[in-house]
Amino acid sequence: MELFLHYSLIPSVSEGRGGWRREEKGTLASRVVSLIHRPLDFVGTFRNRWSYGVAFGATANKVMFLFSEGYQPLQVPQWAQAFVLLIGGIEVGLSHFPFFACLSSEFRLVSSILGFSYSLIWFAVTILHITQCPHGQFVGKYETVMFYWPSLLCLAFLLGRFLYMFVKSLRVHLGWELQMEEKPFLEAHQAEHVKQLLRKCPLQEREKSWFQTRIYEWDPYFQFPSRMIGTTVLAFICLYLFIVIEFCMFVYVRDELDVFEGELESYVASMNQTGTLTPVLLQVKELINVTKGVWVVTILPASLTCVSYLFHILACYRKQMKRLWAGDKHFLPLKFHNPSSSESVVAIARYSGWQIAYILWGYLIIHVMQSLCGLVIMYSLVLPVIHSQALEMLRGLGIGILTISIVLGLMVLQVWIAASFFLQPKMGTADKQKPLALNNRRAFHNFNYFLFFYNVLLGLGACLSRLLISCILGTWLIARIDRTILQSGCERADMGFSAWIGMLYVDHYHTNPVLVSFCHILITGHRERRLQQAIKYWYLNQSAGPRTSVRSRTRWLLLQTLINNPGLVTLRKSRPGHGSQDFTQILLICTDSL
C-alpha cells in the first residue's frame, strides 16, 4: 500500500503540471488539462457535500498512519521530523487530490471517466491487499478487513457517484437531457433564509416534539458547508480506526500481562503461599485482572461520548453561526470579538485537522479517566462485597456520606442565617429576594469572627474539590474544540478554541445569507443594466440603415451572447489571422471584470 501511494503521485502530479498549459479551447485534451483549475472551495460549497465527505473518508487509513507517525517517506534526524511529516501529509494529499478535482470539475463527462478509473484502481489495490494479507498478529483473523472496510465502502460510493455523473453527463451530451445550471452565486437555502427573516413572526409557535426540544431540530434553511461534512465523516472513520488500533494494543498488552501473571503464580506456588511477598503479589494479580476488565467495559461509554461530541459540535456550529448572523457576539469571550484576519484565515485551514486530532486524543484521555473511575468503583463497592467485607464497606461509606452531609449542611445553614437575620426585609412584595443591605450588624460581626477559623479548614476542602472538579471537567471536555476548558481571561492560550472561533468568523463573513443576497442583488442589477444598455445600442444600430454590415451585426450579437454566457468564452475556438484571438482575450477580461 505504501509503494502504491508513491506511484499514485504520477497521475496527480502530471495533472498538476498539465493544468498550467494553454491548449486549444474546446478540445478533449484541454478539458482533461483544465481539471486542475477547479479549486476545492470548502468555505462556500454546499453541493456534493456528502461526495466530498466520502472522498475524505477514503483517506482515513492514510490519516491514521500520519497520526501515529508511522508513515515517514524519508529517514532524517530527530530534529527534522516535522518536515518529514509535512512532506508525508502533502504526499497523501496529492495522492487523493484527483478524487476532489474530478468531483469539482465542470467537465462532467471527462472528469467522471477519470474519477471512476482512479477510484477503481484504488479499490482494486485495496482488495488485493486484503486478499493477500487478510489476517494480523493482534486481532487474528480478518484484521485487515477490520482496518480497510471503511475505505472500501467510501471507494465503492465514489465509484457509484462517478458512474452516475457519467450517465447524466452522457445524456446531456447526446441531447437527451438539459444541461445542469452552473453553480449559483446565491444558494436556494440562503435565499429562503432571507425570505424567512422578512416574514412576520407567527403569533403562536407550533408545538415541538420532545426530540426537537431536547436533542435537535432540523432547519430547512440552513446547510452545513462541505468542510464540516467532510470533517465529521473523516472524524467518525478515524475514531473507529483508533478504537481498533487501541484494542489491538490492548490485546498485545493483555497477552504480556497473562505471561506475567503466570510467572507470579509459579512464584507463589513455589513459596507455598508462605512468602512475605505473597499478599502483595496476590493484590497485584487482582489489580491486573480488575484493570483488564474495567478497560474493556469502558470502551463503549468512551466511544459513545466522542460520537455524541461530534454531533454536538455540528449543533453548536449551527447555533453559533445563526447568532453571529444576527449580530450577537455575547457568547464569545471579549478578546474574540475582533479577531485577527490573518489568524482567522489560518484557523479555517487548521480546524478540520485539529478537530480530528482532538477527537482521537480526547477519546484516549476520556477512556483513561473512565477506567480510573471504574477502578475506584470496583475497589470501593464491588471488591469489598466479593471479599465478604460488605459491612465494613457500608460503615465506611456511611461515615463518608455523613461527613460530607454535615459539611454541606453547615454551609447551607450559614446561607439561611444570613438570609434570615443579617439582611433587611424586602422593599416590595414583588421582589424575589431581599436587598443587599446589612441588618443586625453587631451580631453579623460576631458571626463573621467566630466562623473565620472554621472557614479556613472548610476552604481547604473547597480547594481540593475545585481541583478535582477541574480535572474531571477538563478531561471530560478535552475533545470539545468548540468550548475552552481554561478560565476566563486565558482563552487565547487554548489554540483549539482559537481555531474554532477563527473558523466561525471566516464562515460568517463569506456565507452570511443577508450579505450574499445583497451582493447577488447588486450583481444581478448590474447585469440587467448592461443588457438594457446593449439592447438600446442594438436598436440604434438597427435604425442606422444600410451602413451596418451583416458581419458587424453578427459580431455584436456574438458579443452579447458571450457576455450573458461567460462559460462559452473559454470554449470558443481561436483562428489565426482573423483577429478572433484578440477578440477572445478582450472578452475574457470583460467577463472577469463582470
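Yeah, the Cβs are placed from backbone N, Cα and C, and that goes for glycine too.
TrEMBL labels come from automatic prediction, so no person has curated them.
Pulled from TrEMBL, these are the features on record:
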- 79-102: transmembrane segment (TRANSMEM)
- 109-128: transmembrane segment (TRANSMEM)
- 148-167: transmembrane segment (TRANSMEM)
- 233-253: transmembrane segment (TRANSMEM)
- 294-317: transmembrane segment (TRANSMEM)
- 358-379: transmembrane segment (TRANSMEM)
- 399-423: transmembrane segment (TRANSMEM)
- 451-478: transmembrane segment (TRANSMEM)
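Most Cβ pairs within less than 8 Å of the transmembrane segment (109-128), among stretches 148-167, 233-253, 294-317, 358-379, 451-478, belong to 148-167. Between the transmembrane segment (233-253) and the transmembrane segment (358-379) there are 3 or more Cβ pairs closer than 8 Å, counting only residues 6 or more apart in sequence, so the two stretches are in contact. Beyond its flanks by at least six residues, the transmembrane segment (294-317) meets 216, 224, 228, 232, 235-236, 239, 243, 246-247, 250, 355, 359, 362-363, 366-367, 370-371, 374-375, 378, 476, 479-483, 504 of its own chain at Cβ-Cβ distances under 8 Å. Listed by sequence, the residues of this chain that lie at least six past the ends of the transmembrane segment (451-478) yet keep a Cβ under 8 A from its Cβ atoms are 305, 358, 361-362, 365-366, 369, 407, 410-411, 414, 485.
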